[in-house]
Amino acid sequence: MGTNKPVVIGIAGGSGSGKTSVTKAIFDHFKGHSILILEQDYYYKDQSHLPMEERLKTNYDHPLAFDNDLLIEHLQQLLAYKQVDKPVYDYTLHTRSEEIIPVEPKDVIILEGILILEDPRLCELMDIKLFVDTDADLRILRRMQRDIKERGRTMDSVIDQYVNVVRPMHNQFIEPSKKFADIIIPEGGQNHVAIDIMVTKIATILEQKVNL
């Protein structure tokens with residue numbers, strides 16, 4: 001591992017924007033190197049103290065749904081090259097699982113999540129801040145495909161959630177956080193030019209840190 005602190009790349013954007021595709025493209029390029037992915041989705045607040053009817057009301061697209069205090073604590077530990085135990089969220093029980101995932105520190109940390117740029121404390125820990133900007137129509141189609149196929153949701157429930165929760169939260173919190181990004185990537189994982197530029201930039205930063 002390097003003698004300097006790791007490089008932190010923040011990748012934000014709305015649900016279905018292609019964040020995961022961009023993250024995977026960057027991760028795959030540096031595969032075999034010292035790199036890890038830390039997803040904000042794993043850091044939803046523990047709700048085990050609440051009855052199920054209350055948990056079902058959780059707005060997963062609101063900043064208050066996330067335990068950013070724990071995420072920041074873990075990120076700071078990884079920056080100090082210390083192992084952390086990443087929590088696991090159980091979407092069927094709508095609370096944190098008892099399972100944990102040990103995460104070893106690496107020289108490159110990709111922090112991914114819909115609202116990572118909304119919290120200035122997280123922004124301060126990032127070396128590069130990206131926002132994946134994708135048309136709303138494409139985002140809802142991707143979300144429908146994912147939720148129906150992978151999570152067993154009905155089309156009506158996905159549309160209802162999008163209209164009443166996802167879209168207003170995107171407009172209120174996610175879209176405004178775009179102004180804090182260093183780079184805005186349109187078209188998500190399909191934008192190979194932007195991804196290649198990012199890979200080159202990250203490689204340059206890593207080289208500079210090694211030579212310090």
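Keep in mind that glycine also has a Cβ here, set from the backbone N, Cα and C atoms.
Listed in Swiss-Prot for this protein:
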type: BINDING; residues: GLY13, GLY14, SER15, GLY16, SER17, GLY18, LYS19, THR20; note: ATP binding site
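Distribution of Swiss-Prot features across the structure.
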residue: GLY13; record: ATP binding site; CB count, 10 Å: 30
residue: GLY14; record: ATP binding site; CB count, 10 Å: 28
residue: SER15; record: ATP binding site; CB count, 10 Å: 21
residue: GLY16; record: ATP binding site; CB count, 10 Å: 25
residue: SER17; record: ATP binding site; CB count, 10 Å: 29
residue: GLY18; record: ATP binding site; CB count, 10 Å: 25
residue: LYS19; record: ATP binding site; CB count, 10 Å: 26
residue: THR20; record: ATP binding site; CB count, 10 Å: 19
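The record gives GLY13, GLY14, SER15, GLY16, SER17, GLY18, LYS19, THR20 for ATP. Within 8 Å of the mean position of their Cβ atoms, the other Cβ atoms in that chain belong to ILE114, VAL132, THR134, ARG139, ARG142, GLY188.
DSSP classifies GLY13 (ATP binding site) as strand under the three-state reduction.
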